[in-house]
Ligand SMILES: Nc1ncnc2c1ncn2[C@@H]1O[C@H](COP(=O)(O)OP(=O)(O)OP(=O)(O)O)[C@@H](O)[C@H]1O
C-alpha cells in the first residue's frame with residue numbers, strides 16, 4: 001500500500017466526527033491492504049510507531065527537505081527505513097540519522113511529509129482509533145463485529161487478528177479462542193471515590209482486598225506452568241514460588257488471575273518497590289527469592305479443565321476458583337448483598353487498610369470476565385487517590401539537579417486523542433528515578449527550547465495529589481495541587497492514562 005493512500009485516509013478520519021464515516025473509510029482502506037501491510041497500517045493510523053522509539057529529534061525533522069512531486073513510497077518501505085533508523089548507534093549516528101530522515105522525506109510528497117512529521121513527533125496520535133478499526137475490519141471482511149472484538153480481546157492484539165482476517169477471511173477467528181498456554185490481556189478496573197459509591201453502582205458484590213503487587217496470569221497444562229505479566233511478558237523463570245504453587249493445585253489445566261506480592265514476617269505487605277524489584281530481577285533468581293520471597297494470591301479463574309469460563313458470572317467463576325485454590329492463596333473478600341449492607345463493605349475496607357493494603361476492588365457478582373477491558377463491574381477504591389498522567393515535557397534542573405531533567409509537565413488525555421497539561425512537578429523523585437527519567441526523556445525529546453524539553457507523549461507516571469484547583473493558565477481550566485511522583489508505570493501505554501473527563505467527573509467541586 002502506498003503511504004500517500006494511508007496519509008489521505010488518516011487525514012479524512014481525523015477530519016470527520018461521524019463514527020460511521022470513520023468506519024467506512026477504514027473498511028475501504030483495509031479492503032485494499034495486503035495482510036503484510038496491516039502490522040504497519042494499524043499503528044500508523046493510531047499514531048504509533050511499531051518500532052516504539054527511533055531516536056529522531058525535532059532538530060533533524062524540522063530541517064526542510066524538498067518534497068517529491070509524485071507519491072511512490074509504500075508503507076512497507078517506510079517501515080523498513082524506520083527500522084534501520086532505530087538501529088543506528090555509535091559515533092556519527094546523529095549524521096546518519098539525519099541522512100536517513102533526509103532520504104525518507106525527500107522521497108515523500110508534501111502530504112506524506114506532513115503525515116510522517118506528525119507520526120514521528122507523536123502528534124497524530126488518535127486514541128480511540130483501535131475501536132473504530134475493529135468495526136472497519138468487520139465491515140471489510142464480513143465477520144460479525146462482536147466476534148472480531150472477542151478475538152482482539154483474546155489475542156491482545158488488533159494487528160494479529162487483522163492480518164489473519166485479511167488473509168484467510170472470517171474463519172480465521174477460530175484461531176483466537178481462549179487456550180491454556182496463550183496469555184490474554186487481563187481485565188482492569190475503574191475507580192470509585194468510595195465504597196458507598198461502588199456498592200450503590202454494583203448492587204450485590206464482592207469486596208476484595210487490593211494488593212499492591214504485580215499482576216500475574218498463571219497457565220498450567222500438566223507439568224508445564226507459565227507466568228505472564230499484565231503486558232503479557234513471560235516471567236516464569238523469575239518466579240519459582242509461583243510455578244511450584246501452581247503445580248500443587250488439584251487441577252491439571254487451568255488459567256488463574258491474581259497478584260504476586262511479598263509479605264514480611266508478620267504477614268504485612270512489603271512496599272510495591274520491593275515486590276517490583278524482586279519480580280524484575282533476572283539474575284540469580286534463587287538468591288533474590290531467598291531475600292524477598294513472593295506469594296501468589298489469586299482472585300479469578302479464566303479456564304479450568306478445558307472449559308472457557310470467561311462468560312460465567314463472577315460468582316460462578318469464584319466458585320470454581322474456590323474449588324481449585326485453597327483459601328490462603330486467594331484474596332480475602334466480603335460478599336455484600338447491596339447498599340443495605342454497606343456497613344459490612346466499609347468494615348472490610350477499614351480492616352484491609354489496617355492490614356497494610358492500599359484499598360479494595362469491588363466486583364459485581366453477575367459480570368463476565370472482560371479481558372483487556374476496564375470493565376464497569378470492577379471498581380477500585382483507594383483512600384490515597386493517584387492519577388496516571390503522561391509526561392509531555394521536562395525542564396532541566398538546577399543546583400543539585402543540574403544536568404538532570406527534573407520538573408515534569410504532566411498531561412491527561414483529552415477527548416480528541418491529545419493531552420492537556422494539568423501542571424508540573426519535581427517532587428517525590430529518588431536519585432535513581434531522576435537519572436532514569438533523564439535518559440528516557442532525552443530519547444523521547446522532539447524539541448528543546450530554553451530549559452524546556454518537549455517529548456513524545458509516551459511515558460506514563462503515577463502521581464499523587466491533594467486535590468484540583470481552577471486555573472486559567474492550563475488548558476483544561478484546572479491544575480493539580482501538590483502533585484508528586486509515586487512511580488513510573490512502564491506497564492501502561494499513554495492511551496491508558498487518566499482523562500480530563502474522568503478527572504473532572506471525580507472532582508465536581510471544580511466544575512464551573
Ligand atoms: N482483588 C483484586 N482484584 C483485581 N485486581 C487487583 C486485586 N488486587 C490487586 N489488584 C491489582 O489492581 C489492578 C487493578 O487496577 P487497575 O486495573 O486500575 O490497574 P492500575 O492502574 O495498575 O491500578 P492502580 O494504579 O490503582 O494499581 C489490577 O491490575 C491488579 O494488578
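Including glycine, each Cβ sits where the backbone N, Cα and C put it.
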- Message: Looking at ATP binding as recorded in TrEMBL, which candidate out of 174, 259, 327 goes with 208, 215, 230, 299, 374, 380?
- Response: 259
- Task: Could you put numbers on the helix, strand and coil content of the domain 'ATP-dependent DNA ligase family profile' (287-414), residue by residue per DSSP?
- Result: 38 helix, 53 strand, 37 coil
- The correct three-state DSSP answer for residue 208 (ATP binding site) is strand
- Summarise the model confidence on the domain 'ATP-dependent DNA ligase family profile' (287-414) as a single mean pLDDT, whole number. 95
- Item | Residue pair residue 299 (ATP binding site), residue 210 (active site, N6-AMP-lysine intermediate) - Cα distance, angstrom, rounded | 10
- Task: Look up residue 230 (ATP binding site) in the DSSP assignment and reduce it to helix, strand or coil.
- Result: coil
